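Some notes on the structure that comes next.
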Amino acid sequence: MTWRPRLAEGTAPVLVVLLLLLVGLAIVGPAYDEPSGYLALLKRAAPLMILAIGQYFVIVSGGFDLSVGALVTAGVVIAARLIDGDESATTPVILLVLGFGVLVGLLNGLITTKLLVPSFIVTLGMLLVLDGATFLWTDGAPRGALSAGFRTFGRGALDVPLLGEIPWSVLILLAILVAAALFMRSGTGRALVAAGDNEAAVRMSGGQVDRLRLLGFVLSGLLAAVAAILLGGFAGVSAQVGSGLEFRAITAVVLGGVLLGGGRGSVVAAAAGALSLEALFTLLNLLGVSGALESAVQGLIIIAAVAYASLGGGLRQRLRLRPKQCNTVQPAPS
Amino acid sequence: MTKRWALLAAAGVLALAGCSSDLPEDSNPGGGSSGSDTRKSEFFDQAEYDRQLKFRDATPQGPEGKPWEQMLEPEMVDTTKFAKTGGKYTLCFSNAAVDNPWRQVGFKTMQQEVKLHPEIGDFVVLDAEAKDDKQISDIQSLTGRNCSAIIISPNTTATLTPAVEQACGTGVPVIVFDRGVNTSCPVTFIHPIGGFAFGANGAEFLKEKVKPGGKVLALRILPGVDVLEQRWAAANEIFAGSELDVVGVEFTDGDAAKTKSIVADYIQREGEINGVWMDAGATAVAAVEAFQDAGVEVPAFVGEDQQDFLRLWVDEGLNAVAPTYPTYQWRTPVIAAVKILKGEQVPKEWVLPQPRITSDNVRQYVQQEMPPLHYAMCGCETMPGYPGPWK
């Protein structure tokens, strides 16, 4: 195997964007003169960053996971109903929510790899199934309540020596980010990227493409469950908590320079993309721009990223992604 | 070639961020203060506003302690032509949706109300799932079903008007409640006082409790929905005539996390917020938590009658008010239908009282055993089977 994944590709631009946004925040918001302001931003961005890391695993291996938003909602609603304010139920329910995330990821992965249904369709179906099931189960109004223990992870902070109060969600995020970065440097991580870039090559060199993709979906489901715990903790029970998060996570990942269709991009850049997106929305809010612009901005980022992927990625990439189309369209020599 | 496109795309993304940041300077010179003090909402209707504010002080007619049977300044109409002897009515109901806690609580209350009337033999319900086209076909299908009376809770006003007119044309008594339609053909139109009174109740509270020049943050769910627009139009009117400084008007999409983030941003940006106005209370708890988590005192708050907010209010001793859009109005259409089918008079426009909860009476509305999103003003506490179906 002479091919080597370029993990750092796309990291530099997003870091520049992030830096510009953070400087913008420092100029506009007086709260960003001190580290605590940035810590608050990081705390708020943590669930999206974790979702983006999960989404990265799926996208880089050549798929999509549209089910994460609905999974977050389901996780929060299930937790509230089962805990129902009972402190002693916290730990088992947290484990159950994580298990549920793994299960949904496993289903997404198995249907995609074994039944050969495109992941876009599988996870879109899963989104609808989860949304519908959540609605049916709750009758549209979530019941029960989360315990204070459950909410600690999204709301509370840990007193770290020397550093002071660090929100739990930031600590969890850092742990996940470090683990993800290490994983992507391992052989399995590199093979995951390779599976998204050139499936046939991985297969011929003895790699288990299906198993790799399955792993991507399971990780995405698990991290969506973690995000659900943080989001539920941050703001409490709501049946809208996860709506639109899937697109936000995908936007974050492509903003991080990860190629839609797989094969290129780094996980740290994906997380930085999520932080940039959150910083951008915070900046817009501080400037007094209507929140309605958020979806428009997200849409433009996705379109720009896809345009970049299909043009900037070179025609070779396009040939591989859409072999049928290219038979009819004669590509101009580059 | 690859490099050139990469540069172009990167420039595009940067330009995009740049463009977005430039926008407010053009459209919104005051930074956050979204021109609310100067511009009247297109949804503002002075005559209707005055009428609703007058209704708030009117003494309702009807049995004491049963606001769902009370009426404000009714003009009774004769219904003898609809009288049906022999009982065993088939009551039909075309419901706009049951997609939020308010409609959930209301619909459950309505189902229990039906059980209180032995004259009703059959209760047929079609749920339009918040789709106009489905509700139009629902109403058409009900007109062919031998209904004794048809109750309609319209999804939207203008689109459903022809369907309601068609139902009226079949000669079956039609009862409309909650949102209205642009026709007077229904026998009665049942609704609480309305959105202007709701918005005014909250805004007047802030005008009274927040010191002049105090900073008020207004949180709205989404634009363009007439019920919600009326609430804001009334509040806007009152804020404009006050010395309060409305530092922001934000849309939350009814999302708790987004609400909390927005409020946290405003606390950071403004240093302090002295009052929060909301057009609906579903995310009030998240907004209060933003103040708690920021370690600042919770200011004067406008919420709604959901249990989670009422409990927080009592536990934390908040300075708050809860205008209500009472869910007990779901009982009234059933009562009206039975009256009409017995040939008893009903008001042409059945305006129900619209109480508000204040710090003086909040304790009586806290029901510890009910779910957090339950609406206290359901008028269902004395119904048989309470609290089972509402849990």
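Note that Cβ sites are derived from N, Cα and C of the backbone, with glycine treated the same way.
TrEMBL labels come from automatic prediction, so no person has curated them.
Listed in TrEMBL for this protein:
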type     : residues  : note
TRANSMEM : A:12-32   : transmembrane segment
TRANSMEM : A:89-108  : transmembrane segment
TRANSMEM : A:115-137 : transmembrane segment
TRANSMEM : A:166-184 : transmembrane segment
TRANSMEM : A:214-235 : transmembrane segment
TRANSMEM : A:241-260 : transmembrane segment
TRANSMEM : A:267-289 : transmembrane segment
TRANSMEM : A:295-315 : transmembrane segment
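Counted over residue pairs separated by six or more positions, the transmembrane segment (A:166-184) shares at least 3 Cβ pairs under 8 angstroms with the transmembrane segment (A:214-235), which defines the two as touching. Contact count against the transmembrane segment (A:214-235) (Cβ pairs under 8 Å) is highest for A:89-108, out of A:12-32, A:89-108, A:115-137, A:241-260. Within the chain, the transmembrane segment (A:115-137) has long-range Cβ neighbours (under 8 A, six or more residues past its boundaries) at 58, 63-67, 69-71, 73-74, 77, 81, 104, 107-108, 213, 217, 239, 246.
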